[in-house]
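Colleague: Please find one structure pasted underneath; my questions will follow.
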Amino acid sequence: MLSLQNQRQPKTTPLTDDYVTSNTVLGYGINGKVVQCTHRRTQQNYALKVLLDSERARREVDLHWRVSGCRYIVNIIDVYENTFKDRKCLLVVMECMEGGELFQRIQDKADGAFTEREAAQIMHEICAAVDYLHSRDIAHRDLKPENLLYTTTQPNATLKLTDFGFAKETFTSYTLQTPCYTPYYVAPEVLGPEKYDKSCDIWSLGVVMYIIMCGFPPFYSNHGLAISPGMKNRIRTGQYDFPDPEWTNVSQAAKDLIKGMLNVDPSKRLRIQDVISNKWIAQYNAVPQTPLCTGRMLKEAEETWPEVQEEMTRSLATMRVDYDQMQIKALDKSNNPLLTKRRKKIEEMELYMANATRN
């Protein structure tokens, strides 16, 4: 079984000697649920992740523990190795991210209050976390909004990356070949038998940035399928666009950066050093304060977004492309369900207002 290579080793004393656990569920990771716990001496609240002991669980804890010193990665406070009902478990105590998920924070902003400059600052923080990982030859492999959490509800809160359930070292004799991914954020090379590496994280960064800028993903699935042949083809061929009116006022610099991250050829795709040194990221304070429609789009798609998140999660680590069954489909902008729903609402509202005016 994989040992925890970090110099620190799990404590074998009972977790309950130091912490009081609760039934309050804070979230669910790839390999286990997260509940709230409280330190007995300090009364400080923390997040507790419970993992059944396995090679995969130990790899997750090992990699996360190694990088938890980064300001933009959720910090591990303690790790315990305890036994419950004859089953060995790893109990991971982490800082409690009281500010919630990235997109919920954006959605809660007033219409027009979220700007391109704020988007650039968010991307700067996410890229700092990825840069820290990649410089240590670790690929996260599950970059998505649900894994980006704020420390507090305050305006100056820090955004941090969490959930290392799919993380993997990239300097070993093998390269990443296991298709662990979330459909909306999956890189083209992950969909096929080709080997892939840290460049798949850059692709995911591009998709996350796209959604941050407008409130909907560049690639989507048709007919409610977790990942359709058409969606796979759009990802493979890089078929997406920047539709109006949502992208009308977004800077060309932002669009160019997204294009660089979504290049279908991993050898030509930007590296994290290229992304983090890009002027739009590095000098985010100079980015124009153009109002974005992201918050409004997320609110108007509030009913749809949880379904999108579920769709993303359903196909994690389960998809392999069957090339013989691949069907080539042309991109049709109007088929994006998130955009279609929003525009239908706008048309209905305009019709209502027109009728009200006539009356």
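Note that Cβ sites are derived from N, Cα and C of the backbone, with glycine treated the same way.
According to Swiss-Prot, the record shows the following:
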DOMAIN    20-281  domain 'Protein kinase'
BINDING   L26, G27, Y28, G29, I30, N31, G32, K33, V34, K49  ATP binding site
ACT_SITE  D142  active site, proton acceptor
Colleague: Using C-alpha atoms only, work out the spacing between I30 (ATP binding site) and the residue listed as 'active site, proton acceptor' and round it to an integer in Å.
Modeller: 9
Colleague: Tell me the Cβ neighbour count for G32 (ATP binding site), meaning other Cβ atoms within 10 Å of its Cβ, over all protein chains shown.
Modeller: 20
Colleague: Out of L26, Y28, V34, the binding-site residues in the record, which is closest to the residue listed as 'active site, proton acceptor' when you go by Cα distance?
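Modeller: The smallest Cα gap between the residue listed as 'active site, proton acceptor' and any of the binding-site residues is with Y28.
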Colleague: Suppose the ATP site is L26, G27, Y28, G29, I30, N31, G32, K33, V34, K49. Which further residues of the same chain have a Cβ inside 8 angstroms of that site's Cβ centroid?
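Modeller: For the ATP site, the extra neighbours are V50, D163.
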Colleague: Let me know the DSSP-derived helix, strand or coil state of V34 (ATP binding site), please.
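Modeller: Once the DSSP labels are grouped into three classes, V34 (ATP binding site) ends up as strand.
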Colleague: List every residue in the same chain as Y28 (ATP binding site), at least 6 positions away in sequence, whose Cβ is under 8 Å from its Cβ.
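Modeller: Listed in sequence order: V34.
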Colleague: Under a criterion of Cβ-Cβ distance under 8 Å and sequence separation of at least 6, what residues of the same chain contact L26 (ATP binding site)?
Modeller: V34, V35, Q36, A47, C96, M97
Colleague: Using the structure shown, find which entry in I30, V34 (the binding-site residues) has the sparsest Cβ neighbourhood within 10 Å.
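Modeller: Output over binding-site residues I30, V34: least Cβ neighbours within 10 Å is I30.
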